[in-house]
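**Student:** Have a look at this one.
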Amino acid sequence: MSVELWQQCVELLRDELPAQQFNTWIRPLQVEAEGDELRVYAPNRFVLDWVNEKYLGRLLELLGENGSGIAPALSLLIGSRRSSAPRAAPNAPVSAAMAASLAQTHAQPAAAPVMAVADPVSVPTAEPAQASDMAEASSRDSYDSMADSAPAPVAPGRTEQRNVQVEGALKHTSYLNRTFTFETFVEGKSNQLARAAAWQVADNPKHGYNPLFLYGGVGLGKTHLMHAVGNHLLKKNPNAKVVYLHSERFVADMVKALQLNAINEFKRFYRSVDALLIDDIQFFARKERSQEEFFHTFNALLEGGQQVILTSDRYPKEIEGLEERLKSRFGWGLTVAVEPPELETRVAILMKKADQAKVELPHDAAFFIAQRIRSNVRELEGALKRVIAHSHFMGRDITIELIRESLKDLLALQDKLVSVDNIQRTVAEYYKIKISDLLSKRRSRSVARPRQVAMALSKELTNHSLPEIGDMFGGRDHTTVLHACRKINELKESDADIREDYKNLLRTLTT
């Protein structure tokens, strides 16, 4: 049987499978012909067992249909066709007689997404997965559901994988997005400290902050900075073993390792990296077995001087369901918040993205978008893409009028959600006072400070003038509103409580 027939059948299977599944489980396979027998090599037992269970039946069917019609002789082994002594799997050789039963499981293959690479990978599940609500489980069915609910968040063609040979057949694949670098990161007041800390780690790993813990809301640049560190480490040392993954993938890998009685291989993989970058660590909450394993992995890495970088959507002490010993260890290094970008940074982000897309974006147009899209960078970029597409399809230059047309539904929703009435109601609920208190003449600190916060938010989030805002706060003068805004801006610099309150309210009102 020829290798060409195998390649032909693999191409047919590519058309039947989602790209993520094909790239994860089929692409890593290597094949060589030995007489009438095909020897198929999987990089490790993870891949071998999964291919055997989920895809082998269909592969044998395709080989039979496109070959001579005779059941092919096929052996599954662990190793590489270039290795001198591959290790035979206990279930090899496999004949077509097994195809019927194996093909039954083909209808529901597991999706462990990964971008395509030319060379095989050894641990295919160590990649970023979308933050889905996957429960820790020990049964095969629970792992299937876990894998099926993890689509890749990285756009096709955006991920560069780098394979580094380590002990035995084990390889490390970084799964870093090559476009996320320090050069493409837009620095502003809201992320200045986080960017500086990330650069310090990238330029001086193991001797800087370890672990580095970045936290903040969705779409603020935490993942970008994490990838930037990884890319810089690999730029300095292409042989560095840098691995990025989502926390749910760590859970999925651990469950799979337990099922395959391969926990030692799992430990060896994660404890042999030079830098481990784990996104959205809050998904370890209430997963006791995963926390236990990560606790020991974390300790082993720090004791070995290897770099650890973590991200979360909240301050580590606020992650409910996370063991105190983990929270304590996360504080051993440096914990930095990534705040929502201020207006100037949002404008700079839009201008940089437009420049990268080779699109002319007038400054007043960027300012218009930035004023109205405030929640996070991801939504900001999404709005810009819509504007660019509208401009391209309509054959018109980007103007404020065109922006109003292309973002009509989004702007209407923003205007509906962010009104002075809504701000007053949200602030009153947050500080546990009555709306009537905000409109009253009371000057006690418990009322005056929330009133000033509400006025400052109204100025930032709405298009009302100062006199209009003052009128909606019990008929106050515009100078009162101006004083409130200046006072809150000063307190955000000096008072951590006010800064946190304002950030929380801003997130609530704009998300």
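Including glycine, each Cβ sits where the backbone N, Cα and C put it.
Quick paste from Swiss-Prot:
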type	residues	note
REGION	1-90	region 'Domain I, interacts with DnaA modulators'
REGION	91-174	region 'Domain II'
REGION	125-161	region 'Disordered'
REGION	175-391	region 'Domain III, AAA+ region'
BINDING	GLY219, GLY221, LYS222, THR223	ATP binding site
REGION	392-511	region 'Domain IV, binds dsDNA'
**Student:** Give the mean pLDDT for the region 'Domain IV, binds dsDNA' (392-511) on the 0 to 100 scale.
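**Tutor:** Mean model confidence (pLDDT) across the region 'Domain IV, binds dsDNA' (392-511) is 88.
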**Student:** List the residues in the vicinity of the ATP site, defined as same-chain residues other than GLY219, GLY221, LYS222, THR223 with C-beta within 8 angstroms of the site's C-beta centre.
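**Tutor:** Filtered neighbour residues, in order: GLY216, VAL218, LEU220, HIS224, LEU225, THR311, VAL338, ASN376, VAL377, ARG378.
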**Student:** Considering the binding-site residues GLY219, GLY221, which residue's Cβ sits among the greatest number of other Cβ atoms within 10 Å?
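**Tutor:** Counting every other Cβ within 10 Å of each candidate, the maximum falls on GLY221.
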**Student:** Residue counts in helix (H, G, I), strand (E, B) and coil for the region 'Domain I, interacts with DnaA modulators' (1-90), per DSSP?
**Tutor:** 43 helix, 19 strand, 28 coil
**Student:** Test of understanding: give the count of other CB atoms lying within 10 angstroms of the CB of THR223 (ATP binding site).
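**Tutor:** A 10 Å sphere around the Cβ of THR223 (ATP binding site) contains 23 other Cβ atoms.
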**Student:** Cβ distance under 8 Å to LYS222 (ATP binding site), same chain, sequence separation 6 or more: which residues?
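**Tutor:** Correct list: ALA194, LEU214, TYR215, GLY216, ASP279, THR311, VAL338.
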